[in-house]
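Annotation comment: TrEMBL describes 36-60, 75-98 as region 'Disordered'. For 47-60, the entry in TrEMBL reads compositional bias 'Polar residues'. Annotation comment: TrEMBL describes 82-98 as compositional bias 'Acidic residues'. According to TrEMBL, the feature domain 'Era-type G' maps to 133-303. The region 'G1' annotation in TrEMBL covers 141-148. Summarising the annotation, TrEMBL assigns region 'G2' to 167-171. Taken from TrEMBL, the feature region 'G3' covers 188-191. Taken from TrEMBL, the feature region 'G4' covers 253-256.
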Amino acid sequence: MAATPHVSPTLSRYKFFSTSAVENPNFYPHQIIESRRRKSTKPHLQAQHSNSTNISYGPRTTTELASSKKLWIRQTETEQGQIEEEEEEEELEDSDDEASLLSLSIKPDRNMALLDDYEMEELGHAPPDTNHRSGYVAVVGMPNVGKSTLSNQMIGQKISIVTDKPQTTRHRILGICSSPDYQMILYDTPGVIEKKMHRLDTMMMKNVRDAAINADCVVILVDACKTPANIDEVLKEGLGDLEKRPPMLLVMNKKDLIKPGEIAKKLEWYEKFTDVDEVIPVSAKYGHGVEDVKEWILSKLPFGPPYYPKDIVSEHPERFFVAEIVREKIFMQYRNEVPYACQVNVLSYKTRPAAKDFIQVEVVVDKNSQKIILIGKEGKALKMLATAARLDIEDFLQKKVFLEVEVRVKENWRQDEGLLKYYGYGGQIRAM
C-alpha cells in the first residue's frame, strides 16, 4: 500500500490550477479582518528643522519661538484635517461593507423600488393587476427528505445543491418562482437537527426559524418510505414559538418508491394525527405532484405586486452558487466526516474580457488529517474535485472559467461564532 502523503500543518494552502498542484510555503494565512493601519499623526517639528541648513542648538529668541509655534499650529491643523478625512473614509468603508451584506431575514419592499425610470413610467400608464399574488414559502423538514429537489423542481432550474447525503443544505437558499400571475419566494432551509453538535448547527436552526417568521405559508416534507411519525420536533425546531401559525402543507415525498396502497394508508395517518391543513404525496425527483403543491401554495399567498423582477430566480450572488457547487462536489467525492467539516469560500472572482474569468476558492477544514484526504496522493483528489466543480460552474455561468482551489486548516471553525457569521450563517451573506 502506498504511503500516505505528509502535509505539514504549517503549510497554509495547497493550490490547484488547471494543469498542476503547487505548494506555496511562503503564503501567509488569509485573515478575515485586516486592521487598518493609520499614518502617524504625531508632529515631526524637530525632524523638519533638522533638514534645514541654518539650525541653532542654542537658546532661541521670542521671534523664533513664535515662528515655531505658528508652524506647529499650522501642522497640527493640517494633521487634524487628515485624521478627520481618514475617519470619514473609514465610515464610508464601513457603510460599504454593510451595504454589501444581503439580509436573509428581512422582506424587501415590493419591487416598485427595483424599477428604473422607464419601467416606472410604463407602469404608471398601466392599471395595477389586482389579481397578482406574491409571498414567501418556507420549505422545512428533517435532513435528506428532498427539500432542495422539490424547490429546484418548482423553480424550474437547479439553485440548491442535491446529494444523497443528509444535511447537504446549510444556508437558507432563496429561490424565486415567477409567472405573469404570481411570484412565490421559496426558502429552501437546512434539515432540522435534533442533536446539535456544533455552534454551526445552532445557527443553522435559527435560520430555519427566521425563514418561518417571514413565511406566508409553510411546506413540511416527510419521507414517504419511512414509517409515519409525529412531526412535532420539526414544527418545534422549524417554526419555533410563532404567535400566529401560518397555513401548513405536509408533502409526502418519494412516493415513486412505495406502492399506491401504502401511500393511501400513510396519507390517511398524517391527515389524522398531524395538525396540518392538507397532505399531498409527490415525487420531487420526477416532478409528480409538484403542480398540486404549487396550486396549494398559490391559494395561500396574499394578493400584491411582486417582490423581485420576474426574470431572476434568486437574490443570491453568483459567487454564492460557485461556492455551493464546489461544496456539492466535495459531498459527492468524499466520505465520512470530511464533507461536513468543509466550508467553501470564494476569495476572488475576476471578470476578464480578454481571458477566462478567474475564480479563487478556499476550502476550510477542521484538521490537517482532513486536508490530507482532500488533497490526496500527489494532489490527484483535489485535481479531480476542481475539474468536476469547474465543469459545473462553467455550465451554471455559461462561460469558461479558470478555477483555483486551496485547502486551509482553521481548527474548530464550526464553533467560532465570529467566523460563522462571516461565512454567512448569521442571517446575512455578502452580495458581492
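A Cβ is built for glycine as well, from the same backbone N, Cα and C atoms used for every other residue.
Within the chain carrying the region 'G3' (188-191), a Cβ under 8 angstroms from the stretch's Cβ atoms is held by residues 138-145, 147-148, 151, 159-160, 166-167, 169-173, 175, 204-205, 207-208, 211, 238, all 6 or more beyond its ends. Proximity of distant same-chain residues to the region 'G1' (141-148), defined by a Cβ-Cβ separation under 8 Å and at least 6 residues beyond the stretch ends, is recorded for 160-162, 164-169, 173, 188-193, 220-223, 234, 238, 253-254, 284-285. In the predicted model, the domain 'Era-type G' (133-303) has a mean pLDDT of 87. In the region 'G1' (141-148), the DSSP tally of helix, strand and coil residues is 2 helix, 1 strand, 5 coil.
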